[in-house]
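Q: Encoded as structure tokens, here's the structure I'll be asking about.
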Amino acid sequence: MAETAREPILEVRHLVKHFPLTRGVLFKRQVGAVKAVDDISFELFRGETLGIVGESGCGKSTVAKLLMNLEQPTSGEILYKGEDITKLSGRALKAVRRNIQMVFQDPYTSLNPRMTVGDIIGEPFEIHPEAAPKGDRRAKVRELLDVVGLNPEYINRYPHQFSGGQRQRIGIARGLALNPEIIICDEPVSALDVSVQAQVINLMERLQDEFELSYLFIAHDLSIVRHISDRVGVMYLGRMAEIGTDREIYEHPTHPYTQALLSAVPVPDPEARDRRERIILHGDVPSPANPPSGCRFRTRCWKAEQRCADETPLLAVPEVLRDAEGPVRHPSACHFAEERTVVPA
Amino acid sequence: MPDVPMKATPEAATLKATQPAVPVPVDEQPDSGPAPGKPRSLWSDAWHDLRRKPSFLISAGLILLFLTIAAFPGLFTDASPRDGDLTQFYLQQPQLTHFFSPEWLGYDAQGRSIYARIIHGTRASIIIGLTVTAIVFVLGSLVGMLAGYFGGWVDTVLSRVVDTFMGIPFLLGAMVILVSFDVRGPMVISLALAVLGWTTIARVMRGSVIQVKQADYVQAARSLGAGTTRILMRHILPNAIAPVIVVAMIALGGYISAEATLSYLGIGLADPAVSWGGDINFGKDSIRVASHVLIFPSIMLSATILAFLMMGDAVRDALDPKLR
Amino acid sequence: MSDRTERPTADEPNATTGTTGPVETTSSGAVRIDKSAEAPADRDTPLLEVRDLQVEFRTREGVARAVNGVNYSVNAGETLAVLGESGSGKSVTAQAIMGILDTPPGHIAGGEIRFRGEDLLTLSEDKRRAIRGDRIAMIFQDALSSLNPVLSVGYQLGEMFRVHRGASRREARERAVDLMERVRIPAARERVNDYPHQFSGGMRQRIMIAMALALEPDLIIADEPTTALDVTVQAQVMELLAELQREFHMGLILITHDLGVVADVADRIAVMYAGRIVETAPVKELYAAPAHPYTKGLLESIPRLDHKGKELYAIQGLPPSLTALPSGCSFHPRCPLSTERSTTERPPLHPVLDASEAPVAGRGSACHYWKETLHG
């Protein structure tokens, strides 16, 4: 899919978000900043799914909020079809919002408990009246319920009358209402039971084909991300560590963090228990308010040398792999990148 | 039946492959299966709970009774609360078997029927209680909502104002305000209590709004491009109002008691207005010889306050989201 | 409970099947492996045995049957994984064992919980309290809310020794430092007076483990111990737990929904669905060939790390409401194998037989069609 249409629909350039840390009640002064997102660039192509993985505090949810214009970036650009949406406001911003929608993590808090399902899914039409004439809205909502696999008769029910999986379908229907081109999915299945996760993932894949959607799929579950994504970016402490196609990342990881992350995932195969190589990282993720100099991962990395502290590795095809052929050759922000297979085939 | 085939997967897969557009694949359909019953909003759920709560039924019955007495005192007694016959009825003891007659609860030191007086005194208490609550509810909710939603300097300024008012002692403040008025009718007293009472509601509302505004559904509305008015009225207010309703109901009892206290102290409603607080004041002078003059208005006052407190408690239990 | 006698678990045919060798079936029908090398003194009494446990909750919608006749047992040094989704009753069973069930609305409607042969449910509250924390300890999912935020971790760890062992303040503090070192908290001596919020999520979970280990219990119940943690930290914590378990030769009940974690650490597995155990087996055999359609569906529905895969298999429908459990087999509305018989007759935990009709060690499946599932 990614091969046929190489036209980026969304381009993120040097995106930075620092949350100021302040002291004092009346006279606030800044005493530092949480560097939630620190210079991130990537592209999202039409009809593809870009997965973003990383552990809590890596900034992946902040990226989602920035893309949704729920937070203003400290610097950097977000180009939607060549236009920087961070500079937009008012009517122009509202128009862009029609095309970028979001599915939230927690289906229990993302639906207003005092509104009916019909009102929730119909709200996009009330905010953007041009999207559907007034008389058609009810019918549209019913159609959307049907599309996400819910009985249209439930239009007058309230969210608490549904199970988690059903609620997530309602959230997806709301995201689809305005016929967007891009859907940002922030951990859309992590709150669901295993047997229901598969239903929702299948639904999302079907909708992508049906409506030619581009997904930015943010999750911590590496197996699900591999399943749904065409390309995957690995984030660590506000930076992108490695990015590439699912095969490049999962089968030929070159960044030590990606390797450690992949090796730590529990695999549902007891036979692999003994033959798997585990990279156990020591220590915790440093605070984003006070990140290490140079490479962010160096404090937990077994390869770290003085150079890693002095020089920030850029996200590019590493020098040592410049001449390599095949899937090993992909951007990886490490001075000492080398291939290491950690997922047993 | 040993040869049951397990073929759900391939079937679902082909369905998806051949007709990707309209119908829902078999493997997803059944999620829509179990009917979630009739539409039940959280409000109707709460109402459903309330209706089977004895404490709610008792307090609602009492409150209904007091409201009726306040609106139509003539239905309960023909006797006038102001006409007294000193020569005939001076501090006459209650005739407890003469239900609803003027002499039922006895007479006071001016020969006025105590039964008639507590019936006619209801209106003042109820009107003041409701008026104060209404003003406080609107003003406090508005200030609390603005402070909570906008945060920043709006919050800083409004919160300081709230703190300033909170620093004024409630009764002392009301006394200071009221002594500066020559005529103290129910409206003046209501305003004095409201000016000092709105801060409680504002605080509760502010906290509640701050909690609600972090909810994902508010973020979802923002990301759809919803304006501030829509977010406040459709998403924040309906979800933040429940604790405020409870606090307001409980406070209502408090305002009635405050009015009674002020009247007792002689700076609330004064003769010829009829009020329970004033009557309790009369009663205290003859407590040894005729305790009924004190007891019956006190019972009436306590019952009213209790009814509103009970109602507030019952409503809180029904609205508490943790229980559902 | 008036309907207890109707429950098939009470008169399961396999309860008396004479299996020999390494397999034993306990009188209640729970299949377990006897590790004869261990604890020869009480080789016939498992460390913990849950028999026909039933727990009910009163809710607005009616009586919710959270646990409907659960049987399982754990031996010393063994890890039993209890796998299930939310509402399967896996955590409620653990709460019942610990005696920390919220009563009301919950109450134990029947069954036995035998710890070293003694029924905990008939013990006095005092005796139970002596066992809780001392002999049986629990690790919770959310370490932050399980630790008291206003007391230092050293105080909370030391409290175990003061309350159960009558240690002095100073002794208790020393033991706390020991424990923190044992769960590999760096600079334990300097951090012993820190408060829970000063530790990271992984470190807090280590403190929880330290607290559970404090009195060297015989049995640890870990309820989703790593669910709230990041993958790399999860691996550290699970490894630590497994190592300490080996060292102290404890029984471990690992309650989880994560099939990956189970495959990594468990010896045996009990799969729960709607308050019942639907399948029990040694872990390798269960993953190689599940004998219950629910287990099979779960295994097929999870995406894989090692290859992209096509469309996921999805178990259709939703878990049932506990206030209105389906008749017969609770899984029948979602089951591809369900027949008339599944809707009327509740399947008991059948022993699973191999090709030569001999019972497979420690395996059971509560499905009428376990054979078809196993071979299909």
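Cβ atoms are placed via backbone N, Cα and C, with glycine included.
Per TrEMBL, region 'Disordered' is recorded for B:1-40. What TrEMBL records for B:56-76, B:126-149, B:161-181, B:187-205, B:236-256, B:294-315 is transmembrane segment. Residues or ranges marked as domain 'ABC transmembrane type-1' by TrEMBL: B:122-312.
What's the neighbourhood like for each of these?
A: If you look at the transmembrane segment (B:161-181), the same-chain residues 6 or more away from its ends with a CB under 8 A from one of its CBs are 143, 147, 188-189, 192-193, 195-199, 202-203, 206, 258, 261-262, 265, 267-268.
Beyond the ends of the transmembrane segment (B:294-315), by six or more residues, the same chain brings 46, 50, 53, 55-56, 58-60, 62-63, 66, 94, 105-106, 114-115, 117-118, 121-122, 125-126, 129, 245-247, 249-250, 252-254, 256-257, 260, 276-277, 279-280, 283-284, 286-287 to within a C-beta distance below 8 angstroms of the stretch.
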Q: Can you name the far-off residues of the same chain, 6+ from the ends of the transmembrane segment (B:187-205), with a Cβ under 8 Å from a Cβ of it?
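A: Distant Cβ neighbours of the transmembrane segment (B:187-205) are 127-128, 131-132, 135-137, 139-141, 143-145, 147-148, 158, 162, 165-166, 168, 170, 173-174, 177-178, 181, 240, 243-244, 247-248, 251, 255, 258-259, 262, 268-269.
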Q: List, by number or range, the same-chain residues at least 6 past the transmembrane segment (B:236-256) whose CB is under 8 A from its CB atoms?
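A: Long-range Cβ neighbours of the transmembrane segment (B:236-256): 125-126, 128-130, 132-133, 136-137, 140-141, 144-145, 148-149, 193, 197, 200-201, 204-205, 208-209, 211-213, 215, 218, 301, 304-309, 311-313, 315-316, 319, 321.
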